[in-house]
Amino acid sequence: MAPKKRPETQKTSEIVLRPRNKRSRSPLELEPEAKKLCAKGSGPSRRCDSDCLWVGLAGPQILPPCRSIVRTLHQHKLGRASWPSVQQGLQQSFLHTLDSYRILQKAAPFDRRATSLAWHPTHPSTVAVGSKGGDIMLWNFGIKDKPTFIKGIGAGGSITGLKFNPLNTNQFYASSMEGTTRLQDFKGNILRVFASSDTINIWFCSLDVSASSRMVVTGDNVGNVILLNMDGKELWNLRMHKKKVTHVALNPCCDWFLATASVDQTVKIWDLRQVRGKASFLYSLPHRHPVNAACFSPDGARLLTTDQKSEIRVYSASQWDCPLGLIPHPHRHFQHLTPIKAAWHPRYNLIVVGRYPDPNFKSCTPYELRTIDVFDGNSGKMMCQLYDPESSGISSLNEFNPMGDTLASAMGYHILIWSQEEARTRK
């Protein structure tokens, strides 16, 4: 399809950047004046239906004293410490730094809520964000220039998936309720339409891209999944789920491995080389509720799923059909809230997810804070909570940049950038 121009590409004048002047406090520091409203204690102690090996704890854990990383590395060099112990030491050190994370900058560029978020793969201070109105912002918060802003169509243009083009990071892939999955640049030019529904009743809800296999995969609201190459050639278009495909994920270490999540309460794992129809999946992972997301870990060995109620599950490659563990966590679905999705940390075995307090949740306390929760991916224990009393909304999307030292959060109309307090001082 011939390239065409998107309307109203501009430098936005609606960005509000807010450097933090006074130190915001952690949920634990707020407990005395909030009558200890933060979640405490353990969550449900029951085993999940499929005999998972552990059930995560709802309350934050007390971190052990941080060991010397230099000493641990020296012990490893001498053969006295295993590499997993080195990794554990690095993770423990990072968790201690999370206590000093504060909001570095804040932007409110959209007139509708943020719906998708993607970090630039090589620039650790650049993030792209899409909105319910189809607007897209490219924001380098490390410089004072105004972000680049691409105006959307408004109602019905929601950006449901956003990925930088791994072969040319001046371009990005986007799936939308407008009825297309497309490749475009940040000047507003549509370079190629990969999928188009040609009807207002069908739209695209999910997207993923693989640089090594040069594949693009996208899912729609009636259960179809389309696989294409980067030249736009359709390889297959099959109905893989009974209902909306909320998430598609290509395994980062095994290109032919695909996970799909749906509101039909299943996550399915596929071998792209053997897909013949909806019954040709390798594994079907049933859930109690519709599923918002299914994400592979950076090493490809684990799968993280988020339902629309109160469960986060971790599956392992050693046994895909049975969850390794279950984390009870309140993040229920609400029509006017961007679906909450848990995400992996890019370097450590940690899970980050926004909390939507639920009075019906077993461990809920009155006036529970809307925190960003960080869990250990091995044990399911909550390790840390981030909270700013001046930005106390629900953070639906939370993702660390590829370096793992900066967190971006989508909270309603706002985009929050979290980093160490010392980083703000240096700026």
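Placed from the backbone N, Cα and C atoms, the Cβ positions cover glycine too.
Of the candidates S24, S45, Swiss-Prot marks one as phosphoserine, and that one is S24.
According to Swiss-Prot, the listed position annotated as N6-acetyllysine out of K11, K77, K242 is K77. Swiss-Prot gives the label N6-acetyllysine to one of K35, K144, K268, K341, namely K35.
When each of the listed stretches 116-151, 203-238, 244-287 is scored by C-beta pairs under 8 angstroms to the repeat 'WD 7' (396-420), 116-151 comes out highest. Counting only same-chain residues 6+ beyond the ends of the repeat 'WD 2' (159-194), those with a CB under 8 A from a CB of the stretch are 1, 3-9, 115-118, 120-123, 128-132, 134-136, 138, 148, 150, 152-153, 200, 202-211, 216, 218, 226, 228, 230, 232.
Long-range contacts of the motif 'DWD box' (256-274) within its own chain (CB-CB distance under 8 A, at least 6 residues past either end) are made by residues 206, 213, 215, 217, 219, 223, 225, 227, 240-250, 280-296, 300, 303, 305, 308, 320.
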